[in-house]
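The transmembrane segment annotation in TrEMBL covers 201-224, 269-294, 306-328, 340-364, 370-392, 427-449, 461-487, 499-519, 531-553.
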Amino acid sequence: LNWLLPREASDGIIYQDKEEVVLWMNTVGPYHNRQETYKYFSLPFCVGSKKSISHYHETLGEALQGVELEFSGLDIKFKDDVMPATYCEIDLDKEKRDAFVYAIKNHYWYQMYIDDLPIWGIVGEADENGEDYYLWTYKKLEIGFNGNRIVDVNLTSEGKVKLVPNTKIQMSYSVKWKKSDVKFEDRFDKYLDPSFFQHRIHWFSIFNSFMMVIFLVGLVSMILMRTLRKDYARYSKEEEMDDMDRDLGDEYGWKQVHGDVFRPSSHPLIFSSLVGSGCQIFAVSLIVIIVAMIEDLYTERGSMLSTAIFVYAATSPVNGYFGGSLYARQGGRRWIKQMFIGAFLIPAMVCGTAFFINFIAIYYHASRAIPFGTMVAVCCICFFVILPLNLVGTILGRNLSGQPNFPCRVNAVPRPIPEKKWFMEPAVIVCLGGILPFGSIFIEMYFIFTSFWAYKIYYVYGFMMLVLVILCIVTVCVTIVCTYFLLNAEDYRWQWTSFLSAASTAIYVYMYSFYYYFFKTKMYGLFQTSFYFGYMAVFSTALGIMCGAIGYMGTSAFVRKIYTNVKID
């Protein structure tokens, strides 16, 4: 299990003088396709003379994110300068030259690690007219130390050598140690980009969304206070009329459907599984963001992913509790089936996409291809952690809040739904419902996408927390308004409408991801494109399920409240 938990936050090694410092080669790949990476030595680079050390995947997150550390063979000792020295040479035959030329044409660059600090370097470059290709052969390392710890690493690539077939190319390196004032805790700060993440636009967008929230909450409370008060007044006036007047009276509005409003939704099994999963995704988002705000997760390779998987497994009872209790309240009988569907809905979606993309990764020989052992580990987590915890949650949910305690009785015969205007149809309400929640998050989406698909480290989790809160409030307000209009049109099919009108945010996010792909990135190739659209679909769907569950929960509380206060003979 120690493999599952993220390692202690970047506990860099304390070095003695002259102690060996390992330079790990990670991966190489095209600059524009961040996820398309290959082992460093898949290009015909040569290895230094020092004997190799094998590296294993330290955490689940690393294994899933295609970290392939291999020893560079360079001899580096703590505080020991190395003068420019050759460490190996490449016999450049035609095949090797073609490999390098292809890499240089596609702007390949590589990543290395010293003491968990990432270093990037470019493979080579072409001259202006693209006829001659040059390889950088000299790695000039400058390492900053503070006391007995490494706090800073810089790489300068020099020594441009033209690629000519059947020649020998000498690869060389040098190391210079210099004292640095950077504190060990702050050594990752130089990788962050405050001018990008704390840009005025970012603050402005939050402020903008906040104004929208205040406006929406005001609108909702106004609609509810004024119209509901009017409705209550009208309904109580009608109570005082005698029967003759009442038959001629104009009874209309949401009170009419009181006998049907708590009728179970259609397909209760899938509905309650979706709501349960949505509550779990919300819990995971909340906890992971809080953890990320407290701990700097970005200093560790793959720790964000490890944390998310761990938290997802641990919050399974939430899914069981909400899904199971809702299913019981709707009078569902096949609760074991519901539990299985609820438990495996999200894992199946994620693993299915990953499995499909994995085939392409294997075909490309990319380092993103997930090893078989890791797949087995993820399946074990699903069956031996998520499922039992889900069962516990389901049993608790059925027993603690599984009794249908609705404020109104449900009539034996469903009443016919009257004709209504086209814009009151559930389908239209569903499509329009997602626009406002999407509007409140789409600038944050830009920052999150850029940190995932381009080379920025996302670290402003406080912003993300605010945006999550704003998203929840906007979603609930929008679905309550939609439901109020729907019930007033005497249509009592509010459960799916409230869920889907919030979940339709996902469609807008996915559409935005198309815009982002074509206008903000320069990705190309089957692997990167399928990776992008595959995982964007997973992300959008998960976001949609989460919003749907939040919308449904808010609306459900609202519907209960208004029907509790109305007198029904």
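Cβ atoms here come from the backbone N, Cα and C positions, even for glycine.
Outside the transmembrane segment (370-392) by six or more residues, the chain places 3-4, 57, 60, 63-64, 309, 312-314, 316-317, 319-320, 339-340, 342-344, 347, 351, 354, 358, 361 with a CB less than 8 A from a CB of the stretch. When the stretches 269-294, 306-328, 461-487, 499-519, 531-553 are ranked by Cβ pairs under 8 Å to the transmembrane segment (201-224), first place goes to 461-487. Contact between the transmembrane segment (269-294) and the transmembrane segment (340-364) is supported by 3 or more Cβ pairs under 8 Å, counting only residues 6 or more apart in sequence. When the stretches 340-364, 499-519, 531-553 are ranked by Cβ pairs under 8 Å to the transmembrane segment (461-487), first place goes to 531-553. Non-local neighbours of the transmembrane segment (531-553) in the same chain are 35-36, 274-279, 281-282, 285, 322, 346, 349-350, 353, 356-357, 360, 368, 433-434, 437, 453, 471-472, 475-476, 478-479, 495, 498-507, 509-510, 513, 517, 523; each lies 6+ residues outside the stretch with a CB under 8 Å from one of its CB atoms. For the transmembrane segment (499-519), same-chain residues at least 6 beyond its ends with a Cβ under 8 Å from one of its own Cβ atoms are 271, 274-275, 426, 429-435, 437-438, 441-442, 445-446, 449, 453, 475, 478-479, 482, 529, 532-533, 536-537, 539-541, 543-545, 547-552.
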